[in-house]
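Following: one structure in structure tokens, then a few remarks.
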Amino acid sequence: MRAPGVGCDDRSVPPHTLTAPYDALMLASFGGPDGPDDVLPFLRNVTAGKGIPDERLAEVAEHYHHFGGASPINGQNLALQRALVAELERRGIDLPVVWGNRNWSPYTRDALAAAHADGARRVLALVTSAYSSYSGCRQYREDFWSSLDALAMDLGEAEHPLVVDKVRSYFNHPGFVAANVDAVVEAYAQVPDGARVVFVTHSIPDTMEAASEVSGATYSAQHLSVAAEVAARVAERVGHAVEWDLAYCSRSGPPSQPWLEPDVNDHLEELSAAGTSAVVISPIGFISDHMEVAFDLDTEALETAARLGLTAVRADTVGVRTQFVSGLVDLVLERAALARAIDSGEALAPAATVGDLPAFRSVCAPGCCRRQDGVASGVPAACSTDSRS
Ligand SMILES: CC1=C(CCC(=O)O)c2cc3nc(cc4[nH]c(cc5[nH]c(cc1n2)c(C)c5CCC(=O)O)c(CCC(=O)O)c4C)C(CCC(=O)O)=C3C
Ligand SMILES: [Fe+2]
């Protein structure tokens, strides 16, 4: 027997109506190779039409081969899918959870086809990027749209056979921030007092950064807001002020194209030269220990720190920490309530946030999160008031 609505604020609401109108949740992720033969085809999928130099591709292929040709990301997404199912079940909520990727099997179109075959007509997508930019938002929405096109084609239907909506960018959701605070406090316990915290995220081209501003605050501003909040809470927990910075990893464009800086390795050099002797590296830009973390941070950045004689501990990503997973389920319920409010005028509670930025939109505005400011790609995207712009 399940207790209705356990863990929910309003215990009088039957659990199935909490996720209405959605029939299924889709965990939408990046994807990664499962073995050495997958590495090149995967990289071709990721970089199609992106102008990434061949030397960079060869170098990134080496990162994957260094780990036996398999990315840890698929196992991590399976674990997150299981954790979401368990948390929904714990609350007495019966909602199927499918998993689909942009760049590797299982693909988004497979996940949507499975949900559709199961009877789903309205699916809620939860992407594994916490922040808003082309890479973390619109690129997923373009993938949803093209996957729906493919599904319609397979079914011989003229219209999309189901609707995909999206959970808002959740960088400033309490669950994500709280899980990061715990992770940094745990890492902090392993370094000498007074260590600096170096928050790290994926670099993006300056042009993509500028274009991300339409969503409310740029990609880097979103990170600065989270970093300030996490650092302040860590300071409270450890009982003294915590100095921090934001650095970037995984840049991949040609050298002539400006990307967000400083690179984490250059930054560690600078800190060391300025007298810092211990750091905690906190990957707030990522939600799991996938290849960018396993290689760019745990292999490269920790080697840089060792060479500099800098004590460095890498804090956990949020992974399947309880507060994070529970926060994601709260976000699913929040999005469902918003859908009901839009459809039928149901009253709406304010969206939960921490820090100085507002909750980002769940239904993207026209022109949101383009690759480049002011330049429409001509590629339609789901989860927006206007799929064409
Ligand atoms: C903002 C951001 C996130 C964080 C948000 C999130 O977590 O989603 C992210 C995540 C990821 N990026 C990943 C892998 C790759 N990203 C690449 C290339 C690029 N990433 C970009 C941005 C981001 N990427 C950009 C602007 C490019 C240039 C090409 C383009 O304009 O689109 C390339 C091409 C080769 C290269 O690195 O040059 C690869 C292989 C993996 C999988 C890891 C695994 O296998 O475990 C994950 C989770
Ligand atoms: Fe990437």
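Note that Cβ sites are derived from N, Cα and C of the backbone, with glycine treated the same way.
Those TrEMBL annotations? Automatic predictions, nothing curated.
As given in TrEMBL:
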- Ser71, Tyr140: Fe-coproporphyrin III binding site (BINDING)
- His202, Glu292: Fe(2+) binding site (BINDING)
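The secondary structure of Glu292 (Fe(2+) binding site), as reduced to three states from DSSP, is helical. According to DSSP, Ser71 (Fe-coproporphyrin III binding site) sits in a coil region rather than a helix or strand.
Classification of His202 (Fe(2+) binding site) by DSSP places it within a strand.
In the shown protein chains, 26 other C-beta atoms lie within 10 A of the C-beta of Tyr140 (Fe-coproporphyrin III binding site). Calculated from their C-alpha atoms, the gap between His202 (Fe(2+) binding site) and Tyr140 (Fe-coproporphyrin III binding site) amounts to 16 Å.
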